[in-house]
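Some notes on the structure that comes next.
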Amino acid sequence: MKRRTFLGGAMAVAVFGQGSSAFAQQPPIKIGMSMPQTGGLAGGGKASLLGIEIWRDDVNAKGGLLGRKVELVVYDDKSSASETPAIYAKLVDVDKVDLLFAPYATVPTAPIMPFVKQRGLLLMGNFSFQVNSKVGHDMWFNNAPWGPADSWAASFLDLAQKAGGKNMALLTADQEFAQNLAVTARDVAKKRNIPIVFDQVYPPNTVEFSSIIRALKAAKPDIVYVASYPPDSAGILRAVNEIGIGDSVKIFGGGMVGLQFAAVMSNLGSLLNGVVNYNTWLPEKSMYFDGTKEFFDKYTKRAIEAKVDPLGYYLAPFGYAMGQMIEAAVNSTKSLDQKGIAKYLRENEHKTIVGPIAFSADGERKETATLQAQFRGVKDKDIEQFRSSGKQVILFPDKLKTGELITPFEAARN
Amino acid sequence: MNKRSHSIAFWAGVAVFLIAVLTMTQIVRNEYPFFAGYVILQFIALAVAWSILGGYAGYVNFGTNAFFGVGVYTAVALFKATGAPLMLQIAAGAVVGMTLGFGVGLLTLRMRGIFFSIATIALAIIIETFVMNWRFVGGAAGIQIQRPPVMAPFDSYVKMLFFVQALLAVTAVSIARYIQNSRIGRGLQALRDDELAAECTGVPTLKLKLVACMISGGLISAAGAPAAMYLQYADPSSAFNLSYSVSALAMALIGGTAHWIGPVLGAILLGSTQQLLAVTISSEVNVLVLGIMLVLFVVGAPKGIIGLLRPRYRLRAGGKP
């Protein structure tokens, strides 16, 4: 990692030579984090890191923070929870970093929550899900657009009920994230008196879904809520394509991980059509804010060299936004005092390239900005098509909406 | 040196080590060495415990992660249900690990060699699936744990865990050393070389295998039990991670399995290399470095470090690996 940090720094200095003399007098501001660079979460981790690195280069080009250069100290946590406690202890006690960012995803983040709480440290969260709900740390701020725990299922069921859905089928992977979604989906369904006619939890690494999809089809549900991981998301859509899902289904999707990544999307191609799924950022006109376009111009160029997701919609802009929030907080409070920064982050709304962000008391978004979008007119084997608008029409939230739901699912598949 | 002075030297070494660890927890203020040191000590305990069955008896157990995860989740379940203190969690982990070891020991009645190894992998998957569906301990989503206040004379929980793990490592080493020098060790060596011949000459093979499985399993689970408090979080995919099996096996093989010091050396070498690489190279390259190290040792030093250091162990380690 040191080499990359060095190269990034060298590039910034070379391009923006005038800034370097000012940096020379003061030590850099160090931001420490672990990031999954090997293991199951590495694909997302690397894209997220690239977003953060682009922010670092931008902020250094502007003269750094408080006139000091920003430096990232990054270690690989191998996507594992057992690596992060030692890494964060080193970041804090040995490297003496000034600020901490969390690694991408819930599992590597969970073990460091009690640590930062005990030490009274600010932690900027990176796409973990409800990791602070039991710890209750008041200096935690998650960059992900999730919002309140039940908003995910609630927004999908809103769309489904508007389309006339009266009963639901649940298909979920037996893994951490999917089970979190399933629990909230069952709760919301119960509150709204939506009967669950099919509730199947399948083991991770399932590849063959035809029998499950047949059983699901036989239950004749109106709403099909799927919470799955990348390999199974592909398997489920293939099985649906072969067997069909029946005319009763008004809406299909919800929490399928993988359909946000360029490789999976181009691989599935037209099988995606009609699926309504969550997302975080999409190239629709309502999603462009100050600096969004410039960010993606830089990302697209650097993604090739860094060998990460060529689209980078899902994580990278939020890594950049995390930096932007820190930048605003440090510049406003004119200090690196973590309590002051936390107070600023809690009390203000922050302008970022992914839109305005405001936090509630638990450090999650006040309002959900998790998109529900429907795939339309997707062709096979073409990554570039996903760069144009209209391929994933935003249905939720209302203020970002760019179209209406096409229903039933079978009609939307064509 | 005769046997008696060997013993005196060993116990003196143990005492010096434990005093050094305790002093370190009182003097050093920076917490990082304890976080990293804990992991290395944990691997010493795992590698030594593994080699009791895998090295002395020659039954290659790929299910270290099953025993480790059982230790973790025994501690989690006990802590959540009763708020039991750390020592009780470890003791319970050891008991459950021994019970599981007894079951695995019975497997050896019918399975040997590669079939035994595959059965132990299956065991890990079965237990992981069970834990994934056990909502009380968090199921697939994992569970966050709040540590209780730390006990005197330690000023931080991690320092205490470091000392506790040092005790566990010393326990594992002492037991391994005892077994190696006792009738049990000689019996295990005999059954490793030729189980049928050993049985014919009156070695109680089943009894020995059960004892080895139970001790090995109990020690691995005991070493895993404090991990719940170390991470303050437990999830099935981390607790039952196959890397525990691979690391324990690799450490024992790199160090050499003919003598208790082998796995200790292997664990120190590989464990500290892993910790060091994680914070220096920190990318895909560190996985590659470990891979190359393993290949080099398998090719260049099939009897491990102790085989290189003291040629006489090559003779004693003869027979099947």
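Any Cβ shown, glycine's included, is placed from N, Cα and C.
Taken from TrEMBL as is:
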type: TRANSMEM; residues: B:7-28; note: transmembrane segment
type: TRANSMEM; residues: B:34-53; note: transmembrane segment
type: TRANSMEM; residues: B:60-80; note: transmembrane segment
type: TRANSMEM; residues: B:86-107; note: transmembrane segment
type: TRANSMEM; residues: B:114-137; note: transmembrane segment
type: TRANSMEM; residues: B:157-179; note: transmembrane segment
type: TRANSMEM; residues: B:210-233; note: transmembrane segment
type: TRANSMEM; residues: B:287-309; note: transmembrane segment
(request) Compare B:86-107, B:114-137, B:157-179 by their Cβ pairs under 8 Å to the transmembrane segment (B:7-28) and return the stretch that comes out on top. (result) B:157-179
(message) Counting Cβ pairs closer than 8 Å, which of B:86-107, B:114-137, B:210-233 has the most of them with the transmembrane segment (B:60-80)?
(response) B:210-233
(request) Compare B:86-107, B:210-233, B:287-309 by their Cβ pairs under 8 Å to the transmembrane segment (B:34-53) and return the stretch that comes out on top. (result) B:210-233
(message) How about long-range neighbours of the transmembrane segment (B:210-233): same chain, 6 or more residues beyond its ends, C-beta under 8 Å?
(response) 38, 42, 45-46, 48-50, 52-54, 56-57, 59, 61, 64, 67-76, 79, 86, 89-98, 100-102, 104-106, 108, 142-147, 157-158, 161, 164-165, 168-169, 171-172, 175, 179, 184, 188, 239, 248
(request) Using a Cβ cut-off of under 8 Å, list the residues of the same chain at least 6 residues beyond the transmembrane segment (B:86-107) that approach it. (result) 61, 63, 66-67, 70-72, 74-75, 78-79, 116, 119-120, 123, 160-161, 164, 168, 206, 209-222, 224-226, 228-229
